[in-house]
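As recorded in TrEMBL:
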- 6-22: transmembrane segment (TRANSMEM)
- 43-64: transmembrane segment (TRANSMEM)
- 84-105: transmembrane segment (TRANSMEM)
- 122-212: coiled coil (COILED)
- 156-203: domain 'Bap31/Bap29 cytoplasmic coiled-coil' (DOMAIN)
Amino acid sequence: MIHLLFTLIFSEATMIALPLFKTPLRKLVIMALDRLKRGRGPVMVKTVAGTVLVVLSSSVYSMMKIQQRGIEDGASVNPTDQVLMAKHLLEATLMGAILFLALMIDRLHHYIRELRIRRKSMEAVKKQMRGAEDAKAGTSDETKTMEQEAAKLRAEVGRLESELQSKDKEVGAAEAGVSALRKQSEGFLLEYDRLLEENQNLRNQLQSVDRRFSHSVSKKNM
């Protein structure tokens, strides 16, 4: 299961990184996300997210039970419980990262779509402004009306440009978040290797304790 969780994390990180650069894959990813948000796509995504959340809650509950059992036994946790605790902790961390990355993908797709809409609106307003400026050859009253309309259009262009800049800043923040998540994924891999090594050591200790216990029992029987 841990390998599957790592695969999901790397897949989500790739889906976040691809839309940030102007490549042919960027259009494919955006088109795939557009289709995913239509029809039954949102229901499927919510179902998967709900399942991951339930499994995450189960892992947290298991960790709480192990900790409570250790407190009841006099604050001493046996090697088997330590291995289970480390496994549940790693799974809970990975599932939390998966849910966070899924939210990042949704927000990044929303911002990219908003930027695209804003650019189209700004281009339409600029065309209207150029048409209004070309029509200034009429009467004086018409000229004043056109100038007022042009001023309104310039103000609208300024507003759209400011909104575009704010959206660009949000996308920049999302890129920073992607970089941090990549570093966190590398930390997860190192933590996973350390937990595997610790798991093997704890198993060796548990086998040694079992052999000693069996040896002491055989001595008592003799």
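A Cβ is built for glycine as well, from the same backbone N, Cα and C atoms used for every other residue.
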Inset, instruction - Would you mind splitting the domain 'Bap31/Bap29 cytoplasmic coiled-coil' (156-203) into helix, strand and coil residue counts from DSSP? - result: 48 helix, 0 strand, 0 coil
Inset, instruction - For the domain 'Bap31/Bap29 cytoplasmic coiled-coil' (156-203), provide the mean pLDDT of the predicted model. - result: 77
